[in-house]
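K.L.:
Swiss-Prot lists these features:
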- G19, P20, T21, A22, S23, G24, K25, S26: ATP binding site (BINDING)
- T21, A22, S23, G24, K25, S26: substrate binding site (BINDING)
- 44-47: region 'Interaction with substrate tRNA' (REGION)
- T109: site 'Interaction with substrate tRNA' (SITE)
- R131: site 'Interaction with substrate tRNA' (SITE)
Amino acid sequence: MRSSDGQEAGRPAAILIAGPTASGKSALGLRIARAFGGTVINTDSMQVYADLRVLSARPTADEEAEAPHRLYGSVDGAVNFSVGHFQRQAAVILSEMAPDQLPVFVGGTGLYFRSLEDGISDLPEVPEPIRQQIRAEAEGRPTEALHATLTLRDPKTAQRLRPSDRMRVMRALEIFAATGRSIGSFQETRLPGPLAGRPLLKVFLSPEREILRRRIDARFVTMMENGALDEVAALRDRRLDPLLPVMRAHGVPGLIAHLDGALSREEAVQRGQGDTRRYAKRQFTWFRHQMGEAWHWTTPEAAWSLAEALLSAPVGQ
């Protein structure tokens, strides 16, 4: 899709590279950063975690040495890293960059990209003791029962949440316990996005579906060869809350089931591949319906050519 807002007309203030998993985003981001003095900023909710270098397909140490990389492997798995955390850290990174440095945001998490321009709701931080208390009370209870509890405490929020949406129900309960207020009352106020109103080049890498499917399957096998199982074994040994994002990363539940003897290695690999393929499909759907016309749906090579033309043009053209 071509931009209708004239963003091609001048040098972009930042490059945004999105797309499904295994579409070539990281390689393109590094290529642009090397060529134009850029800093690659992670925009993927799993690649932030230190525990998942292999299974999240983070750039290698050698790749990270070729250009500055930020927000990769910088968060401990025990942290429930949110869109709010991402937006605040991205804003700090942008404020620290020199004027001639090019921010290159790379990842597959749509809400992260949206927060850069549209901002996010100004939700309060939940103190860890309260979070742990709510999770302890929820342990062993079905999600529908938690939703019933939310209905008693915050009926308006409960009405708009699916009774089966455990994560959002839990989040609403945590906010209410911490503040005594509905999560909806905080969502009425938004923090501005750090890239709002700035000229951007936004590309979504869109491989053919069958090619992408083969890449996903092959990459999971390669991850297993490169130590993904050992990585997950170390994560399992930490005995973290199973609701934490790091514990629900694609591949983690199946590999833990294999380590526990519930699945064979082959079954765990197939489950990880299938989960990742379904996630890629959801990424296509989400971006198509949520991110508007200002994104170029394209290939890595075409995206490189577009970026090269814009970034090489004399200032003012």
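Each Cβ is built from the backbone N, Cα and C atoms, and glycine gets one as well.
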K.L.:
Between A22 (ATP binding site) and T109 (site 'Interaction with substrate tRNA'), what C-alpha distance do you get in Å?
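P.N.:
Answer for this pair: 13 Å between alpha carbons.
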K.L.:
So which residues does the region 'Interaction with substrate tRNA' (44-47) touch in its own chain, when a touch means Cβ under 8 Å and the partner is 6 or more beyond its ends?
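P.N.:
Distant contacts of the region 'Interaction with substrate tRNA' (44-47): 55-58, 71-73, 81, 86, 106-109, 112, 245-246, 249-250.
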K.L.:
Among the binding-site residues listed here (G19, P20, G24), identify the one with the smallest other-Cβ count within 10 Å.
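P.N.:
Each of the binding-site residues G19, P20, G24 was scored; lowest Cβ tally within 10 Å is G24.
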K.L.:
So if I draw a 10 Å sphere around the Cβ of S26 (ATP binding site), how many other Cβ atoms end up inside it?
P.N.:
23
K.L.:
State the three-class DSSP label for K25 (ATP binding site), counting H, G and I as helix, E and B as strand, and everything else as coil.
P.N.:
helix
K.L.:
What is the three-state DSSP composition of the region 'Interaction with substrate tRNA' (44-47), stated as helix, strand and coil residue counts?
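P.N.:
Its residues divide into 0 helix, 0 strand, 4 coil.
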K.L.:
Whole-number Å distance between the CA of S23 (ATP binding site) and the CA of T109 (site 'Interaction with substrate tRNA')?
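P.N.:
The separation of the Cα atoms works out to 13 Å.
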K.L.:
I want to check the contact list for T109 (site 'Interaction with substrate tRNA'): same chain, sequence separation of six or more, C-beta distance under 8 angstroms. What comes out?
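P.N.:
Set apart from T109 (site 'Interaction with substrate tRNA') by at least 6 residues yet with Cβ under 8 Å, we have T43, D44, S45, F86.
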K.L.:
Using the CB centroid of G19, P20, T21, A22, S23, G24, K25, S26 as the ATP site centre, which other residues of the same chain sit with their CB within 8 A?
P.N.:
G108, L205, P207
K.L.:
Helix, strand or coil by DSSP: which one applies to P20 (ATP binding site)?
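P.N.:
Assignment for P20 (ATP binding site) reads coil.
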K.L.:
Let's check the environment of R131 (site 'Interaction with substrate tRNA'): how many other CB atoms sit within 10 Å of its CB?
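P.N.:
Excluding its own Cβ, the number within 10 Å is 19.
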K.L.:
Could you pull the average pLDDT for the region 'Interaction with substrate tRNA' (44-47)?
P.N.:
98
K.L.:
Fill in the CA-CA distance, K25 (ATP binding site) to R131 (site 'Interaction with substrate tRNA'), as an integer in Å.
P.N.:
35
K.L.:
Hey, how far is G19 (ATP binding site) from R131 (site 'Interaction with substrate tRNA'), Cα to Cα, in Å?
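P.N.:
Here the two Cα atoms are 33 Å apart.
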